[in-house]
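Quick notes on the structure that follows.
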Amino acid sequence: MANPLYQKHIVSIPELTREELELIVSTAESLKKEPRPDLLKGKVIASCFFEASTRTRLSFETAVQRLGGTFIGFDNGSNTSLAKKGETLADSVQVISSYTDAFVMRHPQEGAARVASEFSTVPVINGGDGSNQHPTQTLLDLFSIHECQGRLDDLKVAFVGDLKYGRTVHSLTQAMSHFNAEFTFIAPDALAMPDYLLEELEEKGITWRTAQSIEEIAHEVDIIYMTRVQKERFDETEYKLIASQYILSAETLKEAKPNLRVLHPLPRVDEINVDVDSTPYAYYFQQAENGVYAREALLALVLNETI
Ligand code: CP
């Protein structure tokens, strides 16, 4: 059966339907159970990271190899003709896409993945563009939520930390809007959810609220999605004040529901105390591992008309 993701650019979450998100989650589930080392046979994937990454790049490259494909690329853009000789992103993308079957890119500029999709002759997959979107993180988040909760519908999800610049929060909020989630946002005023995202929720009739602390909501939510408060955006005193308000510890979770799971896109700094790691609520390392299966699923669907 033909799939709707075949040859599609994956630039932002709002461009994916509920059915497409569910298809990726179910494909990831089946690839986790039963590896398919044939799905990218003969395919070459570009893995171009203009910005630092550990999980996204390495899980994409693992996914390509596990499906029988190969990749080319770089893990920082500093030695490219774009950085050294003034080549435009548009020209770089046009050329690299002519060598490959799909183009995975992370870039520090918001909108860079969209530009790439306009000049690429093969599907572009956004591996994160500035503080805008991180759609493949959202796919692994959805897969992890489905895996640990047994469903995606009707969940109570709290987002904590840097909700202004946290692209993973932006993408996941939009995705979970398809599944009747109830959202709680916990962030310092300076790092609150952007208005345009809250307006989108209002337009869709999605329930959301804010809270001052994790303690207020830990006993009633299904998912706590922690994010890192970005130290570089504050002076030392201000950072310490803000960051200390949003530290999750095992003690914070003492009245949590048994099904609560804590997610974090990682890397963490100190917003999740290591004593949480050994509680049944910690799911962030399984979540990071799931990045391989979610990215396998996406690549398999984008590059195979039927699978
Ligand atoms: N979660 C995530 O995007 O991690 P990296 O920045 O290490 O890729």
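Cβ from N, Cα, C; glycine included.
Quick look at what TrEMBL annotates:
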type: DOMAIN; residues: 8-147; note: domain 'Aspartate/ornithine carbamoyltransferase carbamoyl-P binding'
type: BINDING; residues: R55, T56, R106, H134, Q137, L266, P267; note: carbamoyl phosphate binding site
type: BINDING; residues: K85, R167, R228; note: L-aspartate binding site
type: DOMAIN; residues: 154-301; note: domain 'Aspartate/ornithine carbamoyltransferase Asp/Orn-binding'
Residue distribution over DSSP helix, strand and coil in the domain 'Aspartate/ornithine carbamoyltransferase carbamoyl-P binding' (8-147): 71 helix, 25 strand, 44 coil
Residues among the binding-site residues R55, K85, R106, R167, R228, L266 that border ligand 1 - Cβ under 6 angstroms, in sequence order: R55, L266
Of the binding-site residues listed as K85, R167, R228, the one whose CA lies nearest the CA of R106 (carbamoyl phosphate binding site): R167
Of the binding-site residues listed as K85, R167, R228, the one whose CA lies nearest the CA of T56 (carbamoyl phosphate binding site): R167
PLDDT averaged over every residue in the domain 'Aspartate/ornithine carbamoyltransferase Asp/Orn-binding' (154-301): 94
Cβ neighbour count within 10 Å of Q137 (carbamoyl phosphate binding site): 26
Neighbouring C-beta atoms (10 Å sphere around the C-beta of P267 (carbamoyl phosphate binding site)): 10
Among K85, R167, R228, which are recorded as binding-site residues, the nearest neighbour of Q137 (carbamoyl phosphate binding site) by Cα: R167
